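Asker: Got these off TrEMBL a minute ago, pasting:
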type     : residues : note
TRANSMEM : 33-53    : transmembrane segment
TRANSMEM : 99-116   : transmembrane segment
TRANSMEM : 128-149  : transmembrane segment
TRANSMEM : 169-191  : transmembrane segment
TRANSMEM : 203-224  : transmembrane segment
TRANSMEM : 236-254  : transmembrane segment
TRANSMEM : 266-284  : transmembrane segment
TRANSMEM : 296-315  : transmembrane segment
Amino acid sequence: MLTIIGFGLTVSNFLMLTFYDWDFKSPYHTPRVIWLLSALLIFVAHTLDIDGIDGKQARRLGLSSPLGELMDHCCDAWTAAFYPPILFSLFSGQVDPNILFACEWIIICGFLLAHWEKSITGVLFLPWSYDLGQMTTIFLFVTTFFTSPSIWANRLPIIQMNVPELTPYVVHGVFWLCAIPSSVINVVVACNKDRTKVPTPGAVVRPFVGTIFVFLASWIWMTLSPTRIMDHSPRLFLLCGGTLAANITCRVILAEVTKTKAPMWCHLMGVYGLVVFVLCLGLPPTAAAKLEFPCLLALTSLITVAHLLFFGAVVNEMCEILNIRAFHV
């Protein structure tokens, strides 16, 4: 229950900031108290979920199970889609949409990378960057409450960059220079200690195939969009692709928990790819421009509902297998 509450706070935060600044262009229309409330929601959600209070409480009550682990990590996978738009609400109008898109997918891939590592080593290692990123975000929101979003346009001494310009470099640096080398080293060390853990080439590649497909399809959509979708509906666009990526990551986590092969394809990927093809390549530009936003809205709704139904079905099935009841002590 604590896991779901923490995730619900993250979703509420996303919806609240979306209400006041739909397209990342109106940070000054957001009431000051919203920045403080957002910081509070991030702190409580981080404490309940990522900081491990949910797991500690389950172990204290003797209720720790594979179901709890699955729910925890699946909620975290979806949180990765909500977190970047929350953070970049502070920098509305100061960040190029392409940079926002890249940061969103780096965070999604960073979480998937951690579970790829766990599928081989058996240990989930979340680096210090997750906690530091959350604490830094809280600090930025509290500072914005006491000042104004305009403070982030000021350049920092020595480096002569402002925070919106610096953030993408930090995100890229942590992912490419810390997360990837750390995971590779941990896998190599684990395989050297236990040769039975050495994965086949297929096992190395399978967890990434679905996410790479959705990333490429999303990049094509953003690049060839007839209405420049990332300019007028960035939150909805990122939520659509991010939710599908979360669904794929959940399937990878489920395969990891059940000791089965990670799937490389699901029907939602086919629907997503078909919509991208029709809008960007299949229809005349005028017709595609008229249909793009309705299609995005419908596709996001479909993927969200399908993801929730998939999650519910998995929870019910695991409850039957483990002979337990969800959300009951």
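Cβ coordinates come from backbone N, Cα and C, glycine included.
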Asker: Select the range from 99-116, 169-191, 203-224, 236-254, 296-315 that forms the most Cβ-Cβ pairs under 8 Å with the transmembrane segment (128-149).
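Answerer: Stretch with maximum Cβ contacts: 169-191.
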Asker: Given the transmembrane segment (203-224), which of the listed stretches 99-116, 169-191, 266-284, 296-315 has the most Cβ pairs that are under 8 Å apart from it?
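Answerer: Of the candidates 99-116, 169-191, 266-284, 296-315, 266-284 scores highest.
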Asker: Is it true that the transmembrane segment (99-116) and the transmembrane segment (266-284) have 3 or more CB pairs under 8 Å, sequence gap of 6 or more?
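Answerer: Counting Cβ pairs under 8 Å, fewer than 3, so no.
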Asker: Given a Cβ distance threshold of under 8 angstroms, which distant residues of the chain, six or more beyond its ends, lie next to the transmembrane segment (169-191)?
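Answerer: Beyond its ends, the transmembrane segment (169-191) has Cβ neighbours at 102-103, 106-107, 109-110, 113-114, 116-117, 120-123, 125, 127, 129, 197-199.
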